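Feature list (source: TrEMBL):
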type     : residues : note
TRANSMEM : 26-50    : transmembrane segment
DOMAIN   : 40-289   : domain 'G-protein coupled receptors family 1 profile'
TRANSMEM : 57-78    : transmembrane segment
TRANSMEM : 90-119   : transmembrane segment
TRANSMEM : 140-161  : transmembrane segment
TRANSMEM : 195-214  : transmembrane segment
TRANSMEM : 235-260  : transmembrane segment
TRANSMEM : 272-292  : transmembrane segment
Amino acid sequence: MNTTIDDSSMLSLEGFVVSPEATHPLFLLTLAVYLVIFIGNVTVFSVIVFQKNLHEPMYLMICNMSVCDLIGSTAVMPRLMADFLTEVRYISYAACVVQAFCVHVYGSAAQLILTVMAYDRYIAICDPLRYNSIMTTSTLVKLCSLAWGGTLVLIIILFVLTLRLPRCRSRIVHAYCNNSSLFLLSCADTTVNNIYGLFITFFLIGLSFLVIVWTYSKILITCLYKRQSSSKSKAIHTCATHLTVYSIFELSSLFIIIVQRFQNVNPTAKKMFGVLVTTLPPCVNPIIYGIHTKKIQSIVLKCFKNTILPNQ
């Protein structure tokens, strides 16, 4: 007979099964990756916030993306580091819900922010003379509020559906908590949860993909008709940065979705791919922005030189 676990009970987290010899190297590797993510995104965020000449729609959206990356990585990485140093892993139900909520907010918000960024690039390249009148501060606030607000509405509904379920299990078979691992703790019917979860996934992926295809088709046509090679080169450069970030996020997300559907995939491999989506995009995004965005690159290099060589 199944017994429902009290809401205040602890959950056991399976995590990664590693040998004692590998725990400290894995801890140090995870710490190094998290430091790269944290320092990179905080640097990009700080540069954009404190440099008034970067208070433009494109850079402020990059700033939003950095916040999003920090939410996703911070929800998973510190806990993962701690788990490598312990053999028996427990997490409270409340902490598990918070972690899962942050992970899903990260994934959904990233999709919508990248979609808004595509629209911004479309206006900047296809209608440059009206860009400042269209992408006003008010419009930017509305678009960013729509991205974050839409994310919160979708994810709150997702978790309301999950938290209503009675629980009869206490083991999370994953490296970290997410919505599916939470509703799998229940012995009740989870059909509604599965359907709504798939709806959110395909809605966000489909919406971002359609917007990307439409905007970049228009951008491509505009670039083909541009006579000035410098304008064409600048348009291609800015679009390449956005497309690179979008492609990395989408491919890692889709790969994880596909891998999770195959039962014969090694469980450890599944967990590794699950961690990948919260580490790879947040790790490479600041590097891509730093390399491809000349204004951010020049300011970071200038600050670095002033710090290392203050008298020169």
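For all residues, glycine too, the Cβ spot is worked out from N, Cα and C.
Remember, TrEMBL labels are computer predictions, not curated facts.
Remember, it's a predicted structure, so these values are computed and weren't measured experimentally.
Across the domain 'G-protein coupled receptors family 1 profile' (40-289), the model assigns an average pLDDT of 88.
Sequence-remote contacts of a segment are chain residues at least 6 beyond its ends whose Cβ falls under 8 Å from one of its Cβ atoms, and for the transmembrane segment (272-292) they are 16, 33, 36-37, 40-41, 43-44, 62, 65-66, 69-70, 72-73, 75-77, 80, 103, 106-107, 110, 174-176, 178, 237, 240-241, 244-245, 248-249, 252-253, 255-256, 259-260, 300. Counted as Cβ pairs under 8 Å, contacts with the transmembrane segment (195-214) are highest for 90-119 among 90-119, 140-161, 235-260.
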